[in-house]
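Novice: Taken from TrEMBL, the feature Zn(2+) binding site covers A:Cys39, A:Asp41, A:His98, A:Cys101.
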There are 4 protein chains.
Amino acid sequence: MQKLVEGIHQFQTTSFSQQQKLFETLAEGQHPLALFITCSDSRIDPNQLTQTKPGELFILRTAGNIVPPYGSVFAGEAATIEYAVTALNIRDIIVCGHSHCGAMGGLLKPEAVESMPAVKSYLKYAESTRRIVEENYKHLTDPAKRLTLTVEENVLVQLESLRTHPSVAAALSRKELKLHGWVYKFETGEVFTYDPSKNEFVGLGEATNLLAEESRSLPPI
Amino acid sequence: MQKLVEGIHQFQTTSFSQQQKLFETLAEGQHPLALFITCSDSRIDPNQLTQTKPGELFILRTAGNIVPPYGSVFAGEAATIEYAVTALNIRDIIVCGHSHCGAMGGLLKPEAVESMPAVKSYLKYAESTRRIVEENYKHLTDPAKRLTLTVEENVLVQLESLRTHPSVAAALSRKELKLHGWVYKFETGEVFTYDPSKNEFVGLGEATNLLAEESRSLPPI
Amino acid sequence: MQKLVEGIHQFQTTSFSQQQKLFETLAEGQHPLALFITCSDSRIDPNQLTQTKPGELFILRTAGNIVPPYGSVFAGEAATIEYAVTALNIRDIIVCGHSHCGAMGGLLKPEAVESMPAVKSYLKYAESTRRIVEENYKHLTDPAKRLTLTVEENVLVQLESLRTHPSVAAALSRKELKLHGWVYKFETGEVFTYDPSKNEFVGLGEATNLLAEESRSLPPI
Amino acid sequence: MQKLVEGIHQFQTTSFSQQQKLFETLAEGQHPLALFITCSDSRIDPNQLTQTKPGELFILRTAGNIVPPYGSVFAGEAATIEYAVTALNIRDIIVCGHSHCGAMGGLLKPEAVESMPAVKSYLKYAESTRRIVEENYKHLTDPAKRLTLTVEENVLVQLESLRTHPSVAAALSRKELKLHGWVYKFETGEVFTYDPSKNEFVGLGEATNLLAEESRSLPPI
């Protein structure tokens, strides 16, 4: 804790003063650019990664960047998503997985989470991920590649789940919201984005289309 | 989104290279200093506030830094807390509220969240906060002071809720875990911590005791 | 009841004997062509509509052809879908709404279901439908057109929800399952199917593509 | 799918025109004779079995014709039953099991559903059935007879469960609703009904009483 307290002291005496104006303005309200859903993992810093300042990213973080489908539980995920879309009028949601994810590791190796009932229970919302990997990639035995694939598939599965949230479904159908699927490989600094036209994750610069996919609702009459 | 993509490019060409060694080492595993539970609010950046680097803070963020009590729902909060304590052997948990919190504003003004059923449902886990404020501070009518008090009381209420999680309760009883209640006033850069010996929130430097262990409700004003 | 008992007698003495061979063969097992998800409404007869014989359609029927997302409740919908895909190896799932649907009428007019708590509770799984219609089609005031639109949008919403079921997600990603969205207008005998290339419901004969949309999972390596 | 599309075309050009008047009249509303609860099994066609026309049977179908007791889950079963009784003023409810039921087979052989967590979870609502068979019929070892008995007992168990639904309980107590327990042996076309005066299932013609009202468990063999 001492290190954190000292860090705060350092923040107050240096960075804060450089951004004091910004912070004072932000007291009047926030207008973030996006909702960023990512893992609780300590190695991920969404603001550092995107070089964003306070006020720019609304951030939901839980172990494994998992989004339970709507109606399954009314916990933080549903409330945070609804608040972002309805109260803050967010136009972009990014679901960002990452390399070396411990939650995804636990999904592939259930015995590793046997002693953690809440984790085990939460991972049922990634059961689609587990089955996609298990059933479709039997021949992929290299553990590192298998984990990478799991992280990628999980981003797509959680995007599906995100669509079941009414605030998201309604905004998608108004074409006022876009969904994005990313994977951050922190050890190289690379970010990959799902490109639906190629049906694969590509380097962020190479994507021909930044959307996870098009809206499937009927057009306004 | 363009701004975020450009930010990532900037990160890759500047900050990443300065920390490349650190990121490569972190691929072997994380050993964070603490679990930091805070709000999804875009104005809060826990890493900036504590001047911590990747690998140092395991972070749970949902609207209102609310922690549903154990057993009520098996969603991200329970799993993330359990993973932090059991798998990562975390020794300190900070629940950090903040000034101008929209979720706490919604708690005081239920009609503001009437159109957001998931938010409304989530705020029931802060119902103790609402009742403490409503029943004990009737004479406190200034809206700004009332919101500040609500943010403070809510940190204490969520700390209680945190104690209902078995992994937390067991580690507390082994004296291997400490809980901390903070409020970050972002417009001034100040951080207040709950000091149980004084039974109030004090400036982080003035606290005689960083733990939030003893009796935990604020006295009536 | 007398009418039903007489109907059974008539069945036994006429239709049954014409299909006796078929029924005897079916005692060895079922290999249905598709899972047909539709409303409990008495005016809908999936076998009559598709002119299918016993053994050809596995049928899930509840009020409003609603599919709660996976993990929300473990009731008949999840079990029936899983059994169809996993045990019966179903390759096509049709979600079929219909004209004059009372459940969708209740969704648009909540006071009509106020005295039916279980119905009201179930309709929360069509909350996305309600919001899409309410938020995007404010100017569409004709009640009949509004109901038709609601029935169509609900088929798309329930298809999204269907994708959150792990057995469905895994089979979609293996490209061994196709999802179809239909609306049956029983008073004219017409069937409309969602055509994603046109982003609208078209007469079943005119569809250029019978799929509700393409798989979004990564391809097998 | 091609077969279904062709079937619809055939329906439109032949059967529909014969019933066009009926379908047009039904657009004004439905007044079904009964709520028919049966299995999703493709070999069962309730309209064919009872020779009923569109508008005559309100139909709830899930795997195993299982009815979770009220309050356990708010899913399709509770909503459909409530809608039938409260909105449609249904006077008769039939729970109809059938021969060669895969869900009941899974109940007797849990390892068969081990890979289907949603099915396994749903079968807990037939746990009474399983225990009645296991504890009272130890000596009945012939698998075919054991499955037939299980199907029969399950109809009685689900009738009990149906009674826990408030709309049903209230209508029963007003004597405005009757419950019926049937088993359809599709390979012979026979239908058996539970006769409480004999405490057994008898051929539909032989029943002295079509109600399943009094004591409801079968005696030990």
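In case you wondered, yes, glycine gets a Cβ from its N, Cα and C as well.
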Novice: Which chain neighbours of the Zn(2+) site, leaving out A:Cys39, A:Asp41, A:His98, A:Cys101, have a Cβ atom within 8 Å of the mean position of the site's Cβ atoms?
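Specialist: Going along the sequence, the neighbours appear as A:Thr38, A:Ser40, A:Arg43, A:Ile44, A:Gly64, A:Asn65, A:Gly97, A:Ser99, A:His100, A:Gly102, A:Ala103, A:Met104, A:Val151, A:Tyr184.
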Novice: With 8 Å as the upper Cβ-Cβ limit, not reached, which of the binding-site residues A:Cys39, A:Asp41, A:His98, A:Cys101 neighbour chain B?
Specialist: A:Asp41
Novice: In sequence order, which residues at least six apart in the same chain have a CB under 8 Å from the CB of A:His98 (Zn(2+) binding site)?
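Specialist: Listed in sequence order, they are A:Thr38, A:Cys39, A:Asp41, A:Arg43, A:Ile44, A:Val151, A:Val183, A:Tyr184, A:Lys185, A:Phe186.
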Novice: Relative to the Cβ position of A:Cys101 (Zn(2+) binding site), how many further Cβ atoms are located within 10 Å?
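Specialist: Excluding its own Cβ, A:Cys101 (Zn(2+) binding site) sees 24 Cβ atoms within 10 Å.
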Novice: Where does A:His98 (Zn(2+) binding site) sit in the DSSP three-state scheme?
Specialist: strand
Novice: Can you check which residue among the binding-site residues A:Cys39, A:Asp41 has the largest number of Cβ atoms within 10 Å of its own?
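Specialist: Checking each of A:Cys39, A:Asp41, the winner is A:Asp41.
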Novice: Please state whether DSSP places A:Cys39 (Zn(2+) binding site) in a helix, a strand or coil.
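Specialist: A:Cys39 (Zn(2+) binding site) sits in a strand per DSSP.
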